[in-house]
Amino acid sequence: SSSCAGAHPRSELARLVAVTLLQESLELKNPQTPFPFGAITRYNCSLCFPGFRPAFPRDRFPCKGLPLQAPLQSLGANFHLFFPQVERDFEREYGKLQQLEDQTKKLQKDMKKSTDADLAMSKSAVKISSDLLSNPLCEQEPAFLEMVTAFDTAMKRMDSFNQEKVNQIQKTVIEPLKKFSSVFPSLNMAVKRREQTLQDYKRLQSKVEKYEEKERTGPVLAKLHQAREELRPVKEDFEAKNKQLLEEMPKFYSSRIDYFKPSFESLVRAQVVYYTEMHKIFGDLTAQIDRPGLSDEQRERENDAKLSELRALSIVADD
């Protein structure tokens, strides 16, 4: 190569023309194979390196034997080949995380509704038992007062255990759900930054392709080189962002099981403790107020008989 080094034009434009034409020659041989950038440091023309056979006529090779720096890798064909698969992979992984975000928010909302309803139920039961205690019937009937007092005690115990259950669920289930949901805004912001870089990538790639389609004049080749230089850092930035997200999104999605498993175990334990206590409370209450040997059907017949006696009174008789 040293034998022809002095025969080359020294202008930057001539060098860019030579680089671009050599690059196109390599791509025409195999457009789907990216140029092995970094694998070699220079190419010689066929005058100095017989093993090299450019795809264009020798008289279009301006260097006449100049040792050329490795050309910039063309992005056109490769971009359109790899990009749809990249987007499919990204959309698949991000779609799972979007679904996870929606499900987490829904579960958090449903758990809050459930605990609110539990508290409302036990508070209502306590209100009913308190109202019965203040009823004049209890003052006049000791047996009835004893039964209502036992009922009021049971409802207050139920409300106490219910409050403990709700506090446990709030601490071990709802709060972790809330904290997990707080991670998604940062994830979505990273995806948004990737999308912004992707739009810049597409814009600059279109600019490169526009110059590639034009007639190969010196000024056009110089602009093509400049466009590729502008594209290179944006391409690298996009690929870095895309690679990081594609590596970390599946890890984030897989982590949900280890994160939520303790919460759901705690939810089950809280429910088991609560309903075990309820079984004891209402078992004790039944023993205090129930008349042994009397079935529900017998109680119903007794109530119907008493109601018939009331209806037989003249003040409630039909006209």
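The backbone N, Cα and C atoms fix where each Cβ goes, and this holds for glycine too.
Among the ranges 187-214, 215-242, the one that TrEMBL lists as coiled coil is 187-214. If one looks beyond the coiled coil (90-117) by at least 6 residues along the same chain, the residues whose Cβ comes under 8 Å of a Cβ in the stretch are 166, 169-170, 173-174, 177-178, 180-181, 184, 187, 191, 242, 245-246, 249-250, 252-253, 256. This prediction places the mean pLDDT of the coiled coil (90-117) at 96.
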